[in-house]
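According to TrEMBL, the active site, nucleophile annotation covers C2. As annotated by TrEMBL, active site, for Fru-6P isomerization activity applies to K603. The domain 'Glutamine amidotransferase type-2' annotation in TrEMBL covers 2-217. Summarising the annotation, TrEMBL assigns domain 'SIS' to 285-424, 453-598.
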Amino acid sequence: MCGIVGFVGIDKASSVLLEGLSKLEYRGYDSAGVAVIDKDHINVIKCKGRLANLEKKLESHPLNGCVGIGHTRWATHGEPSDINAHPHSNADGTISVVHNGIIENYVELRNELKAKGYKFVSETDTEVIPQLIDYFYDGDLVDAVMKAASKLQGSYAIGVICSKEPGKLVAARKDSPLVVGVGKGEYFIASDIPALLNHTRDVYFLNDNEFVVMDNSGVKILDENKKEIKRDIYHVTWNANAAEKGGYDHFMAKEIHEQPKAIKDTMTSRIMKGKPVTLDNISLTKEQIDNIDKIYIVACGTAYHAGVVGKYAIEKLARIPVEVDVASEFRYREPIINKKTLMIIISQSGETADTLAALREAKAKGARVIAVTNVVGSTVSRETDDVLYTWAGPEIAVASTKAYVTQLIVMYTLALFFAQNKGTLSDSEIENLKAEMLTLPEKAEQVLENEDVVKDFASKNYAESDMFYIGRGLDYAVAMEGSLKLKEVSYIHSEAYAGGELKHGPIALIEKGTVVIAGATQQKLVEKMISNIKEVTTRGAKVLAFALEGSKEVKDVVDSVIYVPKVIDVFAPVLSVIPLQLLAYYMAIKKGCDVDKPRNLAKSVTVE
Ligand code: AGP
């Protein structure tokens, strides 16, 4: 996820672009840059780090010109650096491009262009775009952008300028957001509305595979055949703050709703019908996998809970023994690590001190380490040879939501990859599991459509001071995450217990009216779970269950049920965690808590 802006007008472009980018920093902040046309050439200024660094650089290198593009980056391909920062240009610097999205076939395109003599300077997927436009350019920028776009697979919102057509800006979108702002004699593009609001409230929304051409005379929206499309102007009435959060009141709500897309993006090019499961550029041979005698998954907090699901998935599907550990415990318990150990580190931020220490410990003892992180260029990603990124985009709310579900997706991908290589599942079993995984984004959307049931439950129960979460198998793993979310954002005390463990002590705390959230998505365990639910209801507990659609037996023994779409047991956590995230969110809202910045917590825990 990155932010792009573009401007055509009479004011100095660089100031307008900078101001627009400042409203998009929530989309990425590891590097930034602008390109502005000055008479007959393009000047590009870009650098690693926050927008403030770019502002500083522009003070000493002021840019003239009224047409330009800008970018704030959330690195995906290539670490955050001056070279990898956008805009990217063709060799003679006559074409510059900013891009938000991922070009899936960039390696193929890069190789084709290299064979034609094109040279590449960055590690980004984006750099193929200006080079392709250059390849097709024959005096008409719109034609060249359209031809280049027809070669791109993946997602993109792009802004393009060309010094040979100095008054013009061309933009296009597919599967990445892009809006067009229409001011008085000035026109804009942006990834999101807040970047425009200081200049105009009149916008066009673009659809996939549409193109925009703007110059001093106005804006045209074109289809793929260059036919003009007439579109009604939308007048924005929200304030800038709400718009930055995509119309949601909080980042946490926005991020919960971004999960279907985050799940889809994280599966991209790894889980595909009819193709083997792949782990990006990680080379792990069958022999190396057969040689692994134990996997440790080490992480903290929510990432640890994703690791618990990872253990179930890897042991079930690939039959390799897995131990999951919280990082702060792992390093001090003298774990048995050798060259046959594989360690999987999970960290959204890639900067958590305890997780990093565990990584270093394992590396020093000769283990191979795979890092699962959401932040390209983070310390974890730099200190391991093998990295699998979760493509969740920046997570701003302290409570992790979309990072968790994408961590689950990576855990499933690893489990399937191991199973495929070890032969613990047949080809058709793997194909079925992949097909099921590919349905998860749509099913996650369906769960979000039932948000009101959770909201209603929250509004009736937010005054509780203690709650329990119970579940068996993977429902227990999800219960732990649900309980953590509730504590973090609503400050309600809660505990997660394995359903069968309750009667060994904690059941003493159940009394009339105690709220218990019970998971019952695991088909083989539903009967056992029903017995555990009855143990608490007979003692007066009020139970909200989460179960798979059609599971009527649960409904009969609880006060309310949230159904999630039917799914193979092992993937249920991706869907069942969503109501629990929403529950924590709505309980916190009703209590008036600061959900995005809960007390005493930090997004990245860099101390031991
Ligand atoms: C999650 O909601 C928490 N904020 C916290 O538990 C977090 O998951 C933990 O601190 C680990 O962070 P990391 O994934 O960045 O390493």
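Including glycine, each Cβ sits where the backbone N, Cα and C put it.
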Rounded inter-Cα distance in Å - C2 (active site, nucleophile), the residue listed as 'active site, for Fru-6P isomerization activity': 20
Return the residues near K603 (active site, for Fru-6P isomerization activity), defined as same-chain residues 6+ apart in sequence whose C-beta is under 8 angstroms from its C-beta, sorted by sequence, else 'none'. S349, E395, I396, V398
By DSSP assignment, list the helix, strand and coil residue numbers for the domain 'SIS' (453-598), in that order. 78 helix, 30 strand, 38 coil
Overall pLDDT of the domain 'SIS' (285-424), taken as the mean: 94
So, by DSSP, how many helix, strand and coil residues make up the domain 'SIS' (285-424)? 66 helix, 28 strand, 46 coil
